[in-house]
Amino acid sequence: MSYSPAPDDDAIIAEEDMFATGEGCSQISFLSSQLLEDHILGLDKTLNDSSATLALSQTSPGVDIALPSSLLQDVKGSLPSSLNPTGKYPSVDELCLADIHFTVIPSSTQGSGFIFSEQLQKLFLKTDSICSFDIACQLPTFLPPTGWYVRVMLVSLAPESQHESITRCHKHIAHDTGPEEIRKHVVRCKNEQHEYVGADNGPFFEDRYAVRVPLDDEVLCVKIMLQFVCQNTCFRLDQRRTGLVFTLENDQGNIWARRVVPVKICINYRRDMQNEQNSATNFLPTSCLTAGRSDAPGTSAVRRYKTGRPGKRLQRGGKLGPGGGSFNRADRTVPVRAARHIEPYTVNIEMPSLRMAKRVMDNAIGMISAQILLEDNTETKNRLKVFLDSIRGQREALAMSNSQCSVDLL
């Protein structure tokens, strides 16, 4: 069982995906293909150790491999660079590698200070509350059974701010009497074995504030207990939609799996959950909303009335209209706005660095995406999508240089 952020076709524009693939979800499909067999056979010829053995089984679509330690190191060193997150922004897209099963499940759906919404697949909790997650994974035989970690990182799910780190607000930091090196971490770990990583305002994956917890080498699972010491309202407005990103990593720091659990840290977590569930329900088709209701069309419903003026009956939820009639909610129609007048304008600006140029385009993508969601006119939506696709194309055409300074010029 795994959780992923709610899809939002127009609003969620993927940050440069460090695990981009084509069809399917396998990121290293060659590990269970003929290509891997040929690759290992080539490495086997270069080994001088006559005792080295290489066993390949073709009894199934996958390849079962028994590798000596020296050959295994060669295979590790030849893994695709896309597994290395160094110098790249964190991704919020779930990662599914061939023959690897990685699950993240809340230990309980509700407890003291938190509740998990099955409808939204989202965790709601209040500040300083503690909740736990059951982490488990199954690895194919060609991967070593030891040296695996889970990194937990709080990131923004809004595409226009995924490239910026999330840290605690000054108010909460001022009241923190804990160690200086972890005061800016929003997520704290209560496990006995854990490690805090990251640097202040680190833009890339390896620089973000996070906590790493080792997996049990015998069963490759762990229960991670987390505490949240800041609220979503403390973050910037464009960072308030957050999620916990769980990544499965080996001792070299390569990422093999990723799961995302949306979270909201707030004061009245039950109320906020109910509000978001009601908002999500309002977007369901009318047939889903009226199913099973006694006042649905085609059913006989007993209407209740309350007393209005003498001689007049006022329907509940309605009001008197001209001539003593009443207005029903069902009789009202919501007018659709006419198409907006859009005046395209081209801007050519020179930025101090490539990274700053990409951030400007990220903000433009976020603004247009938000406007598309607010529009109810189909023609206007389609016209805005043309601009959005154009900016996306230009954004993807920019190539980030790893040698560039990690701190933007202001």
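Cβ coordinates come from backbone N, Cα and C, glycine included.
Some features that TrEMBL has for this protein:
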DOMAIN    103-278  domain 'p53 DNA-binding'
BINDING   Cys169, His172, Cys230, Cys234  Zn(2+) binding site
REGION    297-330  region 'Disordered'
COMPBIAS  303-316  compositional bias 'Basic residues'
In chain order, residues whose C-beta lies under 8 angstroms from the C-beta of Cys230 (Zn(2+) binding site), counting only those at least six residues away in the same chain, are Thr127, Arg168, Cys169, His172, Val186, Ile265
Going by C-beta under 8 A and a gap of 6 or more residues, the same-chain neighbours of Cys234 (Zn(2+) binding site) are Arg168, Cys169, Lys171, His172
Other than Cys169, His172, Cys230, Cys234, the chain contributes near Zn(2+) (Cβ within 8 Å of their centroid) the residues Arg168, His170, Lys171, Ile173, Val186, Val229, Gln231, Phe235
Cys169 (Zn(2+) binding site), Cβ-centred 10 Å count of other Cβ atoms over all protein chains shown, is 15
